[in-house]
Amino acid sequence: MRTFWIVALLLVGVEGNLLQFNKMIKMMTKKNAFPFYTSYGCYCGWGGRGRPKDATDRCCFVHDCCYEKLTNCSPKTDIYSYSWKRGVIICGKGTPCEKQICECDRAAAVCFRENLPTYKKRYMFYLDFLCTDPSEKC
């Protein structure tokens, strides 16, 4: 189900944060968010439950927690500014929400890069019903 919603959003041309996050992921990992991270493990993509399957999935769990901590923000649609210098993502000026959303996305993209060596193709398009372990708290 999670994959359906992500593909639907991509097809209608979502502007803003989701596309910015995809660009950050591409810059850091040389992989597109879809298909590599949009439905990986139990937490990458829409929603999440259970225990993260590996370090990459934990990046998504932490990213979800980061978004949860934002109050009165729209992390999936707010547009923020950032730049890319010598392999480093630098979040730019903006509202407090925009800065925090950018930092959440930057941290996740860096986490994905750091965990590329342990990325497992078997967790791509992982089915939600397989995420049966008790969920962790943020």
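Cβ coordinates come from backbone N, Cα and C, glycine included.
Remember, it's a predicted structure, so these values are computed and weren't measured experimentally.
Noted in Swiss-Prot for the protein shown:
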- HIS63: active site (ACT_SITE)
- ASP105: active site (ACT_SITE)
- TYR43, GLY45, GLY47, ASP64: Ca(2+) binding site (BINDING)
- CYS42-CYS131: disulfide bond (DISULFID)
- CYS44-CYS60: disulfide bond (DISULFID)
- CYS59-CYS111: disulfide bond (DISULFID)
- CYS65-CYS138: disulfide bond (DISULFID)
- CYS66-CYS104: disulfide bond (DISULFID)
- CYS73-CYS97: disulfide bond (DISULFID)
- CYS91-CYS102: disulfide bond (DISULFID)
- 1-16: signal peptide (SIGNAL)
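Overlay of Swiss-Prot annotations on the structure.
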| residue | record | DSSP class |
| --- | --- | --- |
| CYS44 | disulfide bond | coil |
| CYS59 | disulfide bond | helix |
| ASP64 | Ca(2+) binding site | helix |
| CYS73 | disulfide bond | coil |
| CYS91 | disulfide bond | strand |
| CYS138 | disulfide bond | coil |
Other C-beta atoms that fall within 10 angstroms of the C-beta of CYS73 (disulfide bond): 18
From recorded positions GLY45, GLY47, ASP105, the one whose Cα lies nearest CYS66 (disulfide bond): ASP105
Number of Cβ atoms other than its own within 10 Å, given for CYS111 (disulfide bond): 17
Residue among recorded positions ASP64, ASP105 with least C-beta crowding, 10 angstrom cut-off: ASP64
Recorded positions clustered about GLY45 (Ca(2+) binding site) [Cα within 10 Å; pool: CYS59, CYS60, CYS65, CYS104, ASP105, CYS111]: CYS60
